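Here is what Swiss-Prot records for this protein:
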BINDING   HIS114, HIS118, HIS124  Zn(2+) binding site
Amino acid sequence: MSQVILDLQLACEDNSGLPEESQFQTWLNAVIPQFQEESEVTIRVVDTAESHSLNLIYRGKDKPTNVLSFPFEVPPGMEMSLLGDLVICRQVVEKEAQEQGKPLEAHWAHMVVHGSLHLLGYDHIEDDEAEEMEALETEIMLALGYEDPYIAEKE
């Protein structure tokens with residue numbers, strides 16, 4: 001049986017109102033076992049300052065972002081189940097959900113799904129890659145009982 005081990009780190013000044021660990025686990029379980037037997041993922045929920053700093057250091061972007069994905073590269077010849085880390089910025093997720101008129105829980109789920117697909121090697125730089133990744137995200141989100149996260153862009 002496929003298993004995803006979650007290491008959840010809540011690093012916000014105020015951690016109240018965040019999704020429960022079981023919700024993060026459900027969202028990971030909807031994505032990763034399709035691609036990998038056993039995995040370990042760290043999800044770190046942060047405030048804007050940490051997100052901003054990491055986004056500047058690793059992507060050269062001088063602002064906080066919704067989710068950063070840090071895939072773990074296993075050295076050749078070693079077998080490890082560590083898939084990588086997701087860093088999700090609470091304030092950006094909350095602001096985007098409000099601006100886009102999406103339920104907050106659905107947007108959190110989407111950020112976990114989106115980031116997990118990045119950990120698995122998916123990207124959206126090229127149009128064809130973006131199309132494939134968005135189709136997978138939509139399929140997973142619908143299976144979880146949420147709306148298509150890209151519905152507004154398709155209308």
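Using the three backbone atoms N, Cα and C, a Cβ is placed for every residue, glycine included.
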Any idea what DSSP makes of HIS114 (Zn(2+) binding site), helix, strand or coil?
helix
Write out, in the order they occur in the sequence, the residues of the chain not among HIS114, HIS118, HIS124 that have a C-beta within 8 Å of the mean position of the C-beta atoms of the recorded Zn(2+) site.
VAL67, SER69, GLY115, LEU117, TYR122, ASP123, MET133, GLU137
For the binding-site residues listed here (HIS114, HIS124), tell me which residue's CB has the most neighbouring CB atoms inside 10 Å.
HIS114
Under a criterion of Cβ-Cβ distance under 8 Å and sequence separation of at least 6, what residues of the same chain contact HIS118 (Zn(2+) binding site)?
SER69, PRO71
